[in-house]
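What follows is a short report on a single structure.
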Amino acid sequence: MKRILIIATGGTIASTEDGAGLAPTLTGKELAARVPLIDTLCDLDFVQPMNIDSTNMRPRDWLSIARVIRDGYDRYDGFVILHGTDTMAYTAAALSYLIQDSDRPIVLTGSQQPMANPFTDAKLNLYHSVLYACDPASRDVSVVFGGKVICGTRARKQRTMSFNAFSSMNFPSLAYVRGGSIVRPAGMGPARRDHGGPRFYDALNERVIVLKLTPELKPTIFGLLKPDYDAVILETFGIGGIPAYDGSYQDAIFDWVDSGRALVVTTQVPEEGLDLGVYEVGHAYAEKDGILKGDDMTTEALVAKTMWALGQTREPAELSRLFYQEVNHDRMPR
Ligand code: ASP
C-alpha cells in the first residue's frame with residue numbers, strides 16, 4: 001500500500017464556529033477520520049506544522065511546508081496539504097518553485113464549507129486528493145478541488161462561495177476525478193521527465209509587491225516603494241498598456257529598474273496574457289533591459305516566482321534566466 005503524508009495547515013476545511021467567526025481548530029487526523037473509505041486508499045500519516053486561516057500564510061510558512069516535504073520525501077509516495085482556499089494559489093505556486101521536478105505528487109486541497117457542515121465539499125475534496133496522490137501517473141505540485149486537478153502554477157481562486165472555487169488559468173486542467181477514477185485528457189499523461197530527481201530550494205525574498213494600475217495612479221508610488229521592496233509586479237491595462245500622457249510613468253519605471261530593482265510586467269486581465277509590443281503605450285517597455293515579462297502567467301505565480309528567483313540571485317542576467325525558465329507549466333513563451 002502507498003504511504004501518503006497529510007500536511008494539515010488549517011483553512012475553512014478545519015474550521016469551527018465559536019461565535020467570533022470561523023477559525024481552524026480541527027487537526028489533519030480528525031479531518032481524515034470524517035472521510036469515508038479514505039483509509040482503504042493508502043496508509044496515511046499526519047503532520048501539523050500550523051493551524052491557521054490561510055489569510056495569515058506567509059512566505060516563511062511556505063518554507064516550513066517545503067521543509068516538511070523535503071524531510072519526508074524518501075519515506076512517502078506523495079503529500080496532501082490541507083490549506084485554506086484564499087491563498088492556496090500562492091502556496092501552490094510557491095511550492096512549485098521550491099520543489100521542482102518532483103516525481104512524487106504534492107497536492108493542495110481545502111474546502112469552501114467546513115468539514116462539520118452537513119453539505120460540505122470537504123469530504124470529496126480530501127478523498128479525491130488522496131486518490132490523485134496515490135495514482136502512479138501523478139507528480140509535481142497541483143491543486144485538487146471540485147473534481148478538477150489544476151497545475152500548481154495555474155490555479156486561481158475565482159469564486160468565493162461555489163464548490164468549483166478554482167480555475168486553471170491559461171492552461172488546461174491536468175485531470176478530472178470521475179467517480180473513483182482519475183481521467184487525464186489526451187496529452188496530459190504522465191510525461192515523466194528525467195531530470196535526476198527533485199530539486200529543493202530554501203530561500204525566498206519576500207520584498208515583492210503587486211501594483212495594479214488604475215486611472216490617475218501617481219507614478220511617484222515607485223519612489224515610495226523603494227525602501228521596502230526589491231521587485232514590483234505591475235498589472236498593466238489590457239494586453240500591456242502603461243499610461244504615456246506625459247512621460248512620468250516611463251521616467252519612474254526606468255528609474256526603478258536602473259536602481260537595480262526588478263520590474264515584472266503583467267496584465268490585470270485574467271485571461272490570455274501580455275504582449276507589450278502591440279500598442280504604442282507599451283512599446284517603450286518591451287525591450288528595456290531589466291524589465292521581465294509575465295506573458296501568460298498568473299499574478300500568484302509571478303509573485304512566488306519573483307520571490308524565489310530573487311531568493312537565489314540579484315544579478316540581472318541570472319535573474320532573467322531563472323525567471324524565464326519554465327517550471328511546472330507556469331508559462332507558455334510567445
Ligand atoms: N479564509 C479561509 C482560508 O483561506 C477560506 C477557506 O479556506 O476557504 O483559510
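Cβ coordinates come from backbone N, Cα and C, glycine included.
Caution: TrEMBL annotation is automatic and unverified by curators.
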Fill in: Candidates SER54, SER129, SER138, SER142, the one TrEMBL lists with THR85, ASP86 as binding substrate
SER54
Worksheet, complete the sentence: Residues sitting within 8 A of the centre of the SER54, THR85, ASP86 CB atoms (substrate site), not counting those, run GLY11, THR12, ASP53, THR55, MET57, HIS83, GLY84, THR87, MET88, GLY110, LYS157
Worksheet item: Among SER54, THR85, ASP86, which the record lists as binding substrate, how far apart in Å are the two most distant Cα atoms?
Response: 7
Item to complete: Using Cβ-Cβ distances, find the residues under 8 Å from SER54 (substrate binding site) that belong to the same chain and are at least 6 apart in sequence, listing them in sequence order.
Response: THR9, GLY10, GLY11, HIS83, GLY84, THR85, ASP86, THR87, MET88, THR91, GLY110
Discussion item. Considering every residue in the domain 'L-asparaginase N-terminal' (3-182), what is the mean pLDDT value?
Written reply: 97
Item to complete: In three-state terms from DSSP, label SER54 (substrate binding site) for me.
Response: helix
